[in-house]
Amino acid sequence: MSLTRLLIRDFRNIETADLALSPGFNFLVGANGSGKTSVLEAIYTLGHGRAFRSLQIGRVIRHEQEAFVLHGRLQGEERETAIGLTKDKQGDSKVRIDGTDGHKVAELAHLMPMQLITPEGFTLLNGGPKYRRAFLDWGCFHNEPGFFTAWSNLKRLLKQRNAALRQVTRYEQLRPWDKELIPLAEQISTWRAEYSAGIAADMADTCKQFLPEFSLTFSFQRGWEKETEYAEVLERNFERDRQLTYTAHGPHKADLRIRADGAPVEDTLSRGQLKLLMCALRLAQGEFLTRESGRRCLYLIDDFASELDDERRGLLASRLKATQSQVFVSAISAEHVIDMSDENSKMFTVEKGKITD
């Protein structure tokens, strides 16, 4: 599915824009601060309900306006879908699909699977475990229909359990929460383990092409001891959890450990190599989705040329073309992306929030 049309109103520095898009490559060229990243962020927000540069809604809505409005048209193999998102300064959202209100942001996320590659995206590799859990959970969300409901219930129960830890004195008082929590934790961990095992070969193959000088390994850590039932872990650690006032073990502590030649990648790879690895992982994830479900990702790439030499840019471009997916690329100069252009691509110029093609 590709985004054929995008309407933006009062988002960042963009007052209004109406863009007819290519199902292939779309290039956004402009100086720093022109608004090209804002276009990428508008697409991301339309599919996630939140921006990727700021969690503060006031910074995303254009100055002195009350709300932003985003609309898009998605073209699938058999039908077209109209989607819309409005969000005001109070953080209240309205999601519209095919003319009807009352939909959830998760429905937009399902309709628009996308991969984001930005200069800030290094957190996938050198940030905390939560960023790699998000990587795994993206895959589980798009591959397991029951994942989102289970994940939402897990978050709710963990919050309730942590609150209860401040009040209880005996483990038996926690059993009502743990009775619900344990099967959810085990199911989510199983889904994550299966997904990480399934995508491992894709990640290894793509990384070998991008970083042939390193031997990369991927290891899923579920968040508690191997070969130990989660129920046993919770009961055994009750006193420690009560002192900490939070649950110290579980799927909320899971990680995907990534190593290069046996060492953590953040300690081994240069910044340019980290970007290549990030690109490789995002590509592998998108290609795995296509193979498993027939669906294609949208790829959003901000500041394409940074950290990459000509050879590596060419490699990334060729791999993106091979996916036959829709790709949005921002760059300071058209020279950085001209080699990626073909007769089906579109080039947009962005200047002070104004977009022309």
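Cβ atoms are placed via backbone N, Cα and C, with glycine included.
Per Swiss-Prot, the feature ATP binding site maps to GLY30, ALA31, ASN32, GLY33, SER34, GLY35, LYS36, THR37; the stated evidence is sequence analysis.
Annotated features taken from Swiss-Prot, shown on the structure.
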residue: GLY30; record: ATP binding site; CB count, 10 Å: 23
residue: ALA31; record: ATP binding site; CB count, 10 Å: 12
residue: ASN32; record: ATP binding site; CB count, 10 Å: 8
residue: GLY33; record: ATP binding site; CB count, 10 Å: 13
residue: SER34; record: ATP binding site; CB count, 10 Å: 21
residue: GLY35; record: ATP binding site; CB count, 10 Å: 24
residue: LYS36; record: ATP binding site; CB count, 10 Å: 27
residue: THR37; record: ATP binding site; CB count, 10 Å: 22
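Within 8 Å of the Cβ centroid of the ATP site, not counting the listed residues GLY30, ALA31, ASN32, GLY33, SER34, GLY35, LYS36, THR37, the chain contributes SER38, SER330, ILE332, VAL350, GLU351. In three-state terms derived from DSSP, SER34 (ATP binding site) belongs to neither a helical nor a strand segment and is classed as coil.
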